[in-house]
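The structure appears right after this line, and notes come after that.
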Amino acid sequence: MAVEAHHLNPLFSSNREMIHPVEASGVVYNTQMRYGTVPTFNPTVECQTSLFNPIYNISPVDRLVHQSMKPTIQSVDSSLTFNSDNNVDFLRPVSSRKRSREESVVLNPSAYMQIQKNPTDPLMFLGQDLSSNVQQHHFDIDRLISNHVERMRMEIEEKRKTQGRRIVEAVEQGLMKTLRAKDDEINHIGKLNLFLEEKVKSLCVENQIWRDVAQSNEATVNALRSNLQQVLAAVERNRWEEPPTVADDAQSCCGSNDEGDSEEERWKLAGEAQDTKKMCRVGMSMCRSCGKGEASVLLLPCRHMCLCSVCGSSLNTCPICKSPKTASLHVNLSS
């Protein structure tokens, strides 16, 4: 809030000493003199001061000198007197040449400034007391200064609060960014963990499936091995049992012609039967596809051993039962 101060002429404040009234005293300074007033003649004071005062008011230094000398003059005793028409004044010369303590006030700047700062006389100008106006002017200036100081203090406090809020907001924004980044990283790691857990579960299931397949294949291999051993044992057994059967057949065949066949014919028939058996055995051991290679491939699941190694890798069906081939085993019959 702005306050208007009463503006005075700078002459009033700069020439304050000029407009002080003359103090009332018994000497020449006691005259109620104003600007350019001639003092009354007093023979008692004539020996101490000049006849006339300056055209303006008494200077502060002269007034201080008068105030300092006044008690000194009154305190000195003397027997000399001077008679005038109306009164008798005692002339009391200074008994001591030492400077009194009061006189040192004039030469002490600090005391002079203290007196100037604390004037007790009213401020007069053209017969009007301006002390209240000057005091009001000083109060207005002090109020303006205090208002300005308070406003500056409030502005500084507001700026400090604003700066503090900005700093707090900047720190909060940085922390929020860091927290968001950490949250995103945590979410990403959580998703990755879920994916890895699902992957581990699927791998465990797949491992169990392959384990079951391996166990089933192992059981199939064991069954095929046992079947193959049985087939090989049967073939080996048939190989050792075939010649007596052929001899018996030849003997029975020869025994049916006892009347007109000779011994030579019996042996001839036995040889032909043997050749026929050999041809049948050779036909059974040859490849049913090409007819050239030896049958050494066992087809599954029909279990027919009717293909050679070359045809077994190229054909997908059994030439005997025409069933599709799912697997094949190579059998080594060499002894």
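Cβ atoms are placed via backbone N, Cα and C, with glycine included.
Per Swiss-Prot, the stretch carrying the note region 'WRD domain' among 11-47, 196-232 is 196-232. For the zinc finger (287-322), the residues of the chain that approach it from at least six positions outside its boundaries are 224, 227-228, 231, 328-333, judged by C-beta separation under 8 angstroms. When the region 'WRD domain' (196-232) is classified with DSSP, helix, strand and coil residues number 37 helix, 0 strand, 0 coil.
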